[in-house]
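Features as listed in TrEMBL:
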ACT_SITE  C65  active site, proton acceptor
ACT_SITE  H98  active site, proton donor
BINDING   D8, H9, G66, T67, G68, I69, G70, N99, R109, R132, R136  D-ribulose 5-phosphate binding site
Amino acid sequence: MKIALGSDHAGFQLKNAIQKHLIEKGIEVKDFGTESEASCDYSDFALKVAEEVKDKNFDFGILVCGTGIGISIAANKVPGIRAALCHDTFSAHSTRQHNNANILAMGARVVGEGLALDIVDIFLNTEFEGERHQRRIDKISLIEQKYNK
Ligand code: RB5
């Protein structure tokens, strides 16, 4: 499994903790920045990670900003991206089963590191259920197509 990681300054420390956690589990990770706590724009890192996931260079992306909101909104502008903002394990589990989410977004100012790492583990280890959920996702793609002409 290959994971693309990205954050802004507010998510920098949690991103590093996630990277360490995944490496310890033997999971391949690439960090797309940011590289310090200097102020930067979450949209830049959302775009990098979302394009890598869209192009299927990575199985999943993980994005962190202060709230997780800005970075998930930005990532979801890339066609084919289903970025889910999750601050609890039930949502992480459900968004994989039902939405086939391909990016997990979290807010470093919202969740502690311990919960965030549990959310990561559950997100990465839960399979999409398909069936009726695929039909709904296909309709999301139709919305993208309607506005991407
Ligand atoms: C940065 O201060 C903050 O606005 C950003 O990390 C994020 O929370 C935006 O949604």
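Yeah, the Cβs are placed from backbone N, Cα and C, and that goes for glycine too.
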How many whole Å apart are the CA atoms of H98 (active site, proton donor) and R136 (D-ribulose 5-phosphate binding site)?
9
Among C65, G68, G70, R109, R136, the recorded positions in the record, which have a C-beta under 6 A from ligand 1?
C65, G70
DSSP-derived class (H/G/I helix, E/B strand, else coil) of R109 (D-ribulose 5-phosphate binding site):
coil
What are the sequence-distant neighbours of R136 (D-ribulose 5-phosphate binding site), meaning same chain, six or more residues apart, C-beta distance under 8 angstroms?
H98
Residues with Cβ closer than 8 Å to the Cβ of G66 (D-ribulose 5-phosphate binding site), same chain and 6+ apart in sequence?
D8, A10, G11, G107, A108, R109
Report the largest Cα to Cα distance, in Å and rounded to a whole number, among the residues D8, H9, G66, T67, G68, I69, G70, N99, R109, R132, R136 that the record lists as binding D-ribulose 5-phosphate.
39
Fewest other Cβ atoms within 10 Å: which of the binding-site residues G68, G70 wins that one? Let me know.
G70
Looking at Cβ-Cβ distances, which residues of the chain lie under 8 angstroms from the residue listed as 'active site, proton acceptor' while being 6 or more apart from it?
S7, D8, A10, G11, Y42, I71, A105, G107, A108
According to DSSP, does G66 (D-ribulose 5-phosphate binding site) fall in a helix, a strand, or coil?
coil
Relative to the Cβ position of R109 (D-ribulose 5-phosphate binding site), how many further Cβ atoms are located within 10 Å?
13
